[in-house]
Each structure stands twice: as C-alpha cells, then as structure tokens.
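Straight from Swiss-Prot, the features:
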type     : residues    : note
COMPBIAS : 9-20        : compositional bias 'Low complexity'
DISULFID : Cys40-Cys71 : disulfide bond
DISULFID : Cys50-Cys61 : disulfide bond
DOMAIN   : 37-79       : domain 'CHCH'
REGION   : 1-23        : region 'Disordered'
MOTIF    : 40-50       : motif 'Cx9C motif 1'
MOTIF    : 61-71       : motif 'Cx9C motif 2'
Amino acid sequence: MASHPEQQSSSSSADVSSSSWGKVERKFTNKSASEYYDPCQDFADRSLRCMKRNPDDRDMCHDYFQAYRDCKKQWLTQKKLGSSSTAK
C-alpha cells in the first residue's frame, strides 16, 4: 500500500522536461546565432519563485530543482547530438 514518491517524482519530472523541450525546441533551433535562448528558463524561474516563497526550506523546492536539472541535462544532450550530426 505504500507508494514510492521518489520514483513517481523522478518519472514525472522526466516527462515534464521532455515535453517542455519539445515545446521550445523549434524556437531554439530557429533563433539567430547571436541570440541567447535558454529553453529551461521557465524551470529556473519556477525554482526561484519557490525559494522566495520558502526561504528557509530548500526541501520544499526539490521537485523544481530536479525539473530544472533534468531539462538542462536533456537540452545539453540534444545540443551535443545536434552539433555532432552537423559536423559530419
């Protein structure tokens, strides 16, 4: 009867970050070369807002931090795969 919230949160944050990357991938790939665009900025903003609401309790914002880490990891992986395929 006991559920494992850690497993649920990690799979749900992975789903969120993959769907978030899909939403911003087109915008990122179509930007000009000199323009900086961080597809994970929404997750960064959410984690900062959480820290402002809960200044003394980082544990309350763990899911936001993990979602940002997952998004950033996926973004960098996609970026590496994209640059290695164009370099060939």
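Keep in mind that glycine also has a Cβ here, set from the backbone N, Cα and C atoms.
Where Swiss-Prot records a feature, it is marked here on the structure.
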residue : record         : DSSP (3 states)
Cys40   : disulfide bond : coil
Cys50   : disulfide bond : helix
Cys61   : disulfide bond : helix
Cys71   : disulfide bond : helix
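Cys50 (disulfide bond) sits 16 Å from Cys40 (disulfide bond), taking the Cα positions as reference. Over all protein chains present, the Cβ of Cys61 (disulfide bond) has 19 other Cβ atoms lying within 10 Å.
Sorted by the number of other CB atoms within 10 A, the disulfide-bonded residues Cys40, Cys50, Cys71 start with Cys50, the lowest. Cα spacing between Cys71 (disulfide bond) and Cys61 (disulfide bond): 16 Å, rounded to the nearest whole number.
A straight line from the CA of Cys40 (disulfide bond) to the CA of Cys61 (disulfide bond) spans 16 Å.
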